[in-house]
Each structure stands twice: as C-alpha cells, then as structure tokens.
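Visitor: Sharing a structure here in structure tokens format.
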Amino acid sequence: MTEAKIGIIGGSGLYKMDALKDIKEVHIETPFGSPSDALILGTLDEVKVAFLARHGRNHTLLPTELPFRANIYAMKKLGVEYIISASAVGSLKEEVKPLDMVVPDQFIDRTRNRISTFFGEGIVAHITFGEPICKNLAQVVADAIASLNLPDVNLHRGGIYVCMEGPAFSTKAESNLYRSWDATIIGMTNLQEAKLAREAEIAYATMALVTDYDCWHPDHDNVTVEMVVANLHSNAVNAQKVIQEAVRQLSTNPPKSEAHSALKYAILTRLDSVPAITKQKLAVILQKYI
Ligand SMILES: CSC[C@H]1O[C@H](OP(=O)(O)O)[C@H](O)[C@@H]1O
Ligand SMILES: Nc1ncnc2[nH]cnc12
C-alpha cells in the first residue's frame, strides 16, 4: 500500500519538520537492517509525505555509518516515488555564499568502502548514472526556492557536489584540488542516496544549504561544526518553507522521471536464474519485473 509518494531526507540541522500534521512514526525493518530512525509519516498541506532524519533525530550516526540501503529501501516500501534531500554543504566557489542554496546536478565520489548498490548475491544490474539527479524534480525544488524570494539567499541551479568520506573536514590541498575540478559544493552524504534511489527507481534531488567556505578561502575561517550549526539554524526554517512549496508543486503536477524506469534495461541476469532468497530480499525494488 502506498503510504506516501514523497519522501524527505533531512540532514544536519533538519531533524524534524514542524509543519507536518497527522504524524505517525513507523519503525521499518528491511533486509538491509534498520533505517537511521523511525520514518515519520504525516501531511504537509494535506499531502502525505514520509520524513527521515538522515543521521537520526539526535544526530548519532556518522556519514560513514549511515544505513543508506535501509533508508532508501524503507522509502520504497512506503511507496515513495520522489525524494527531496536537504543537506548542509561547504562552498567551493567564491560566488556560492554561506546561506545560499544550491540544487546540484552532478557528483564526484570521494567516499571509500561504502556499499552503494542493492544488487549482488546472484543478480547483476548496472543503472545509467550519467545524470545522477532527476532533472525534473531538481527543477521543482529550484523553482520552489526561487518562488519564495528568500532574503539573503541566492539560488544556484546546477553544480557539482563532491561527496567525501569524512568525518574530518578536508585539508586545504584537497579543497583546492576540488576547486581545480570546478566542483561547486562539498558534503558527505548525498552520492550513495542518489545511486540507491536510482536503483530503487525513485527520483532524487537535493536542496543543498551552504553553511561555510570549507577551508580554501583566504578571507574566511576554516569550517567548524560551530560555523555549520550557526548557519543551519538560520537556514532550517527556509529549508522547510522550500520543502512545503516543492511538495505542493509535486502533488498537483508530479513530473515524469527517467528514474522511474531505471531498471528497465539495467538488469543483466536472467530473472529465472536469480536465487529465490535474493528475489525475496529485493522484492520491493524488483516488484515491477518479477
Ligand atoms: C555538520 S557538518 C558535516 C555534516 O553535515 C552534512 O550532513 P548532511 O548531508 O546530512 O546535511 C555533511 O554531509 C556532513 O555529514
Ligand atoms: N565544508 C564541508 N565539508 C564537508 N561537509 C560539509 N557539510 C557542511 N560543510 C561541509
């Protein structure tokens, strides 16, 4: 049964959504373990949504420890077709200022040893990932930001998100290397979510909230958690307004997404040769195909 078509993953500073009504907490177990926290089902202006605090509501999970597969699987199980991620990021460009919002369209993966696929154990699939963010969902998010005319917040449409392992922030040499690659922002969480969402045929887009200039900027202090948190507090209210507006748009005009058929040509294994136990494990993801 579909509980919610829209999922929201809240990152650092966004552990709950104040505007959510008719709240129900659901503890979902998955074949990939427990999600970061209970998922919160509720309504935003009468539209059903599922909210998840990425690091847990008390921020107890490191980026490396995040149960990415369980989080996306749980969303899929609830019937989610669109995920909006809200994430804190550092800026790698002068013109992308703290408190600005970025809707990235590309990633560079600098993580290590994170499992980023549901496949294996007798089933092989290779999704297309050249455009890792759903363009149409990204446009809804960016248009929602633009429509709110938030004071002191500039919107940047598109950009490269470097996903690093953490938890320590980057060295200056690394930060300058990413700048030389023309990357726009840096964070520690979104790449795995985007990949797994694509495998689960869920459209995914990010609203990145800029909190700092990382450590490359000669006129700004190196990033600290204190700096991130201070800027997040001023941005968390704006983030919720953006989500509310985007959800309104999505409910009245749900966009098409290539993500929704991502597995159509991705699975190489003949389905009748996939072990029953694997089929069962992935049933929620493979339901259209088995
Ligand atoms: C608190 S600064 C580092 C932390 O913030 C970002 O988290 P999220 O993407 O969940 O908002 C960044 O990726 C790090 O995990
Ligand atoms: N500078 C930074 N590097 C990585 N993740 C971040 N999240 C917020 N600021 C960050």
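Glycine residues also receive a Cβ, built from the backbone N, Cα and C atoms like all the rest.
Quick caveat, the model's predicted, so the values are computed rather than measured.
Copying in the features that TrEMBL gives for the protein in this structure:
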type	residues	note
DOMAIN	5-248	domain 'Nucleoside phosphorylase'
BINDING	SER12, ARG54, HIS55, SER87, ALA88, THR189	phosphate binding site
SITE	SER170	site 'Important for substrate specificity'
BINDING	MET188, ASP212, TYR213, ASP214	substrate binding site
SITE	VAL225	site 'Important for substrate specificity'
Visitor: Helix, strand or coil by DSSP: which one applies to ALA88 (phosphate binding site)?
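Guide: It is in a strand.
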Visitor: Relative to the Cβ position of SER170 (site 'Important for substrate specificity'), how many further Cβ atoms are located within 10 Å?
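Guide: Excluding its own Cβ, SER170 (site 'Important for substrate specificity') sees 22 Cβ atoms within 10 Å.
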Visitor: Which recorded positions, if any, among SER170, TYR213, ASP214 have a Cβ under 6 Å from ligand 1, given in order along the chain?
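Guide: Within range of ligand 1: none.
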Visitor: For substrate, with binders MET188, ASP212, TYR213, ASP214, what's the maximum Cα separation in whole Å?
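Guide: Binding-site diameter by Cα atoms for substrate: 15 Å.
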Visitor: Ligand 2 is in the model; which of the recorded positions MET188, ASP212, ASP214, VAL225 have a C-beta less than 6 angstroms from one of its atoms?
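Guide: MET188, ASP212, ASP214, in sequence order.
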Visitor: In the structure shown, which of the binding-site residues ARG54, HIS55 has the fewest Cβ neighbours within 10 Å?
Guide: HIS55
Visitor: Determine the minimum-neighbour residue: among MET188, VAL225, listed as recorded positions, which Cβ has the fewest other Cβ atoms within 10 angstroms?
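Guide: Across MET188, VAL225, these recorded positions, the one with fewest Cβ atoms within 10 Å is VAL225.
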Visitor: If you draw a 10 Å sphere around the Cβ of ASP212 (substrate binding site), how many other Cβ atoms fall inside it, taking every protein chain shown into account?
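Guide: A count of 23.
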Visitor: Just how spread out is the phosphate site if you go by the largest Cα to Cα distance in Å among SER12, ARG54, HIS55, SER87, ALA88, THR189?
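Guide: Binding-site diameter by Cα atoms for phosphate: 12 Å.
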Visitor: I need the CA-to-CA distance for SER87 (phosphate binding site) versus TYR213 (substrate binding site), whole Å please.
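Guide: About 15 Å separate the Cα atoms of these two residues.
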Visitor: Give the mean pLDDT for the domain 'Nucleoside phosphorylase' (5-248) on the 0 to 100 scale.
Guide: 97
Visitor: Hey, of ARG54, HIS55, ALA88, VAL225, which of those recorded positions are within 10 Å of MET188 (substrate binding site), Cα to Cα?
Guide: ALA88
Visitor: For ALA88 (phosphate binding site), which of these recorded positions sit within 10 Å, Cα to Cα: SER170, TYR213, ASP214, VAL225?
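Guide: So far as Cα distances go, none of the recorded positions lies within 10 Å of ALA88 (phosphate binding site).
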Visitor: Going by Cα-Cα distance, which of the recorded positions (SER12, SER170, THR189) sits nearest to ASP214 (substrate binding site)?
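Guide: The answer is SER170.
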